[in-house]
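Input: a single structure, listed below in structure tokens.
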Amino acid sequence: MKTAVYAGSFDPITLGHVDVIKRAAKVFDGVLVVVSVNTSKHAMFSIDEREKMIKEALVGISNVKVMQSNELTVRFALDHGAKFLVRGVRGSNDIDSEMAIADLNEQLNDKIQTIFLPTNPKYRALSSSMIKEIAKFHGDITGMVPKNVAVALSSKFN
């Protein structure tokens with residue numbers, strides 16, 4: 001069975017993330033969506049809130065499982081029988097940073113391969129940070145995040 005890990009802070013999950021997950025689910029037998037803590041960022045939503053939002057956004061995708069982790073992604077992958085890491089890339093800036101991370105991951109464990117999926121063009125401008133900024137000033141985030149996330153963001157800023 002080919003299992004992949006798609007890890008991120010997902011604060012919050014966007015439709016760009018959802019698109020990458022759906023496409024990865026078509027390629028792999030199983031996809032583990034791993035909600036992690038980014039120590040360089042202050043999260044708006046708790047890890048439990050993010051996990052819940054992601055599970056709600058991915059209902060109906062049978063080969064996807066959402067989990068939490070506070071360990072290195074490559075270690076998590078090995079512990080859960082995954083041999084692939086999936087990363088979505090929006091453009092050249094993402095490629096540069098993701099390549100550096102992939103290189104480090106390979107140094108940590110060369111049994112894990114990183115697979116890059118280009119982001120759907122309609123989601124390339126999206127980032128969780130930008131969406132939070134738009135929501136903070138009561139902008140319309142329809143078409144950027146799942147409906148449950150839009151509701152959660154609205155409640156944070158009202």
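Just so it is clear, glycine is given a Cβ too, placed from its N, Cα and C backbone atoms.
Noted in TrEMBL for the protein shown:
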- 5-133: domain 'Cytidyltransferase-like' (DOMAIN)
- Ser9, Phe10, His17, Gly88, Val89, Arg90, Glu98, Tyr123, Arg124, Ala125, Leu126, Ser127, Ser128, Ser129: ATP binding site (BINDING)
- Ser9, Lys41, Thr73, Arg87: substrate binding site (BINDING)
- His17: site 'Transition state stabilizer' (SITE)
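Location within the structure of each feature annotated in TrEMBL.
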{"residue": "Ser9", "record": "ATP binding site", "Cβ contacts under 8 Å, 6 or more apart": "Val35, Ser36, Val37, Asn38, Lys41, Ala43, Arg50, Ser128"}
{"residue": "His17", "record": "ATP binding site", "Cβ contacts under 8 Å, 6 or more apart": "Gly8, Phe10, Gly88"}
{"residue": "Thr73", "record": "substrate binding site", "Cβ contacts under 8 Å, 6 or more apart": "Val5, Ala7, Val34, Ser36, Leu85, Asn105"}
{"residue": "Arg87", "record": "substrate binding site", "Cβ contacts under 8 Å, 6 or more apart": "Tyr6, Glu98, Ile101, Ala102, Thr114, Ile115, Phe116, Leu117"}
{"residue": "Val89", "record": "ATP binding site", "Cβ contacts under 8 Å, 6 or more apart": "Ile95, Glu98, Phe116, Leu117, Pro118, Thr119"}
{"residue": "Arg124", "record": "ATP binding site", "Cβ contacts under 8 Å, 6 or more apart": "Gly16, Arg90, Gly91"}
{"residue": "Leu126", "record": "ATP binding site", "Cβ contacts under 8 Å, 6 or more apart": "Thr14, Leu15, Gly16, Arg90, Met144"}
All-chain count of other Cβ atoms within 10 Å of Lys41 (substrate binding site): 11
DSSP three-state assignment for Val89 (ATP binding site): strand
Binding-site residues compared (Glu98, Ser128) - the one with the fewest other Cβ atoms within 10 Å: Glu98
Local backbone state of Thr73 (substrate binding site), from DSSP in three classes: helix
For ATP, whose listed binding residues are Ser9, Phe10, His17, Gly88, Val89, Arg90, Glu98, Tyr123, Arg124, Ala125, Leu126, Ser127, Ser128, Ser129, the greatest C-alpha pairwise distance in Å: 18
Three-state secondary structure, which DSSP defines for Arg124 (ATP binding site): coil
